[in-house]
């Protein structure tokens, strides 16, 4: 009798298991419970250092002064959620990239429906890049696209050649992967087997490394030092990549003359920049990747 009851119990358990495995068909999915990210950005500060979140929150809000305000919330893994209440405010922040906090770049991504802010890769940012040393007639959209795709991913360009301080250059807006070294120059083949170098300068360029050329850290914290050992550190990048900012309100009187032999502000050797620049000029012929010519 006991064996019969044991068999009945096991059969009942099997029926329960079978019922649990029988799938239920869901007729409709209610998305009302999902959090809306229609006007949201997710971002992170590109640094391994601890970020003072209250200070960042107040600094960016004061810097952006959005018309309808902004909510800034700290998430996991050093991520930050920026919720806007107006498309105009959000677009103004995107158009104004790059943004920084304590000299460190902030990487942003606009969230789309269904995206999880804690899972989105945050490796790309936008820069305006000035292209110098281009001859007349080589500032077309086709050239801008080729150079933009070499620096990163081409987005747009300024069709008019900009002149500043007697220097002419083209401006291209580029999406850059922060994991790759900043591009410095590109060899361009011209007619009659002649070559020139297009030189890149990045507008509003934040902290970057002179050793590896990557954003987010300086030379003191570069992992490349681990492989160098006692070897002398060579700087492959320098401040010449940083475009000179426009300085408003500093017009010079037509009656003012510079005294011979006096140093001007632009001639100052800041942090040994002149020495590093000379070193880079000696290494130009050794470049391989950047020496692959673009046919125009």
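Note: Cβ is positioned from N, Cα and C throughout, glycine not excepted.
Remember, predicted model here, so these are calculated numbers, not experimental data.
TrEMBL lists 255-287 with the feature compositional bias 'Basic and acidic residues'.
Sequence annotations record features per position, and here TrEMBL assigns domain 'DUF4283' to 35-117. Per-residue pLDDT, averaged across the domain 'DUF4283' (35-117), gives 95.
The domain 'Zinc knuckle CX2CX4HX4C' annotation in TrEMBL covers 176-223.
Annotation source TrEMBL lists region 'Disordered' at 251-296.
Applying DSSP to the domain 'DUF4283' (35-117) sorts its residues as follows: 21 helix, 27 strand, 35 coil.
Across the range of the domain 'Zinc knuckle CX2CX4HX4C' (176-223), the DSSP-based residue counts are 6 helix, 17 strand, 25 coil.
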